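Written below as structure tokens is the structure these notes are about.
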Amino acid sequence: MDFFTEYGEGNRYKIEEVIGKGSYGVVCSALDTHTGEKVAIKKINDIFEHVSDATRILREIKLLRLLRHPDIVEIKHILLPPSRREFKDIYVVFELMESDLHQVIKANDDLTPEHYQFFLYQLLRGLKYIHTANVFHRDLKPKNILANADCKLKICDFGLARVAFSDTPTAIFWTDYVATRWYRAPELCGSFFSKYTPAIDIWSIGCIFAELLTGKPLFPGKNVVHQLDIITDLLGTPSTEAISRIRNEKARRYLSSMRRKKPIPFTQKFPNADPLALRLLERMLSFEPKDRPNAEEALADPYFRNIANVDREPSAQPVTKLEFEFERRRITKEDIRELIYRDILEYHPNMLREYLEGTESAGFMYPSAVDHFKKQFAYLEEHYAKGSTAAPPERQHNSLPRPSVLYSDDRPQNTANIAEDLSKCVLGDNTQKMHQGSASVCANRVPQGGAARPGKVVGSALRYGNCSTSTAEQYEHRRTDRNPALATNTVSPRGSYP
């Protein structure tokens, strides 16, 4: 295979500066010189040091390949490592997002009811797609929702997500469950083996929405007991029947012994909110999981009467067991390395063909762009530590594959807030309908070519309103067949992404 034919894009990405650094590695902003688009290249270091971390990375790579939707972050490409059996780092590339919802809430007190409605609609629409694929996110919180100045949100960080199959042992869901307590459903408080349903994600979305309305977390529990205490302060003491369904004995005893509390009316807790919004929020924050609406039911709520359109709220095909068979067995570092390598090949169709046909070389495969990225990342990291923003030396090599970087995490944010941009994000009158009767929020001011703000990176933004094509047309352009695990006699002509 002629590497320089398939990967002759060595000068396409101009690496600019470090925009994030943490235990996982480093994220650099870069310019796609072909399109003028800002991207972020994330280097994840030593991914096989711990099998649990490598498994989380594999899980996320797989899910972001399979769950392609405008409200979910999208991996476009992953650089092919130079050696199949010896690589330790991976480089993934996303378009640059300016911030996350945590920063938006923290920095912006000018959000309007239209913002609240549109934000919740996007989250529920993305969640419907996730849940109909039989996937449960398990870690929804403002830091895992990316935002840009077009008011576009994208769900990210699928490292704790799980795929639910009818015969999957319950324990598989909870082997590494460490989701943030503040957004954790009450049936999960203190229990790693509670009944597992999509309602846990609906609860999290309800907590996020309440935080949007008030500007502060709704249930900032200091521990499990305090978490249950402040939940019941708002919702009232649950019924005896509801308490009996909580599997954790200590939690059951605590709830049974607490003084009887009356629920606080949501109109009192959120005095300035739209009554329709509060009615939906109250349903989403039901103590009993069975009383919460699923994402599809929530989208049909009267609160969204002016923007909902079922044609733009697609369902996903369920994820196949074959994609996640590794969750059902004990795997070694070597197993994980091979599985991650196999998934990376989805972005390199020619190499995938050779791999499936058994003709691929097992050793050093080509003059890798990764080697050149290493030098530039090392240069930037050194200068980043000294506070310099100097750009790295230009590469003298033209073998860089196309992009793709990974999910966000909880590293401390040094994000320049997007309050100015977002406060100027003018929302269209929500009685004004878009194409085929669906209203859409529009940003009259879209940042053009400004410096990327440090912070979260990932996923492309779906433009709303002032666009050359309608939302539906943009979505249809993105809608391609999901890529199930390939049989040994099948090769995807373009990989799983355009």
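Even glycines carry a Cβ here, placed using N, Cα and C.
The annotation active site, proton acceptor is assigned in Swiss-Prot to ASP139. Marked as ATP binding site by Swiss-Prot on the basis of sequence analysis: ILE19, GLY20, LYS21, GLY22, SER23, TYR24, GLY25, VAL26, VAL27, LYS42. For 486-498, the entry in Swiss-Prot reads compositional bias 'Polar residues'. Per Swiss-Prot, the feature domain 'Protein kinase' maps to 13-304; the stated evidence is sequence analysis. The phosphothreonine annotation in Swiss-Prot covers THR175, and the record cites similarity to another entry as its basis. The phosphotyrosine feature in Swiss-Prot is assigned to TYR177. The region 'Disordered' annotation in Swiss-Prot covers 388-411, 470-498.
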Among ILE19, GLY20, LYS21, GLY22, SER23, TYR24, GLY25, VAL26, VAL27, LYS42, the annotated ATP contacts, find the widest CA pair distance and round it to a whole Å. 14
Listed in sequence order, the residues of the same chain lying six or more positions from GLY25 (ATP binding site) whose CB sits under 8 Å from its CB are LYS42, LYS43, ILE44, ASN45, ASP89
If one measures from the C-alpha of SER23 (ATP binding site) to the C-alpha of the residue listed as 'active site, proton acceptor', what distance in angstrom results, rounded to a whole number? 19
Let me know how many other Cβ atoms fall within 10 Å of the Cβ of SER23 (ATP binding site). 9
Local confidence of the domain 'Protein kinase' (13-304) - pLDDT mean: 88
When the binding-site residues ILE19, VAL27 are compared by other Cβ atoms within 10 Å, fewest goes to ILE19
Among the recorded positions listed here, LYS21, ASP139, which has the most company in the form of other Cβ atoms within 10 Å of its Cβ? ASP139
Integer Cα-Cα distance in angstrom, VAL27 (ATP binding site) to ASP139 (active site, proton acceptor): 22
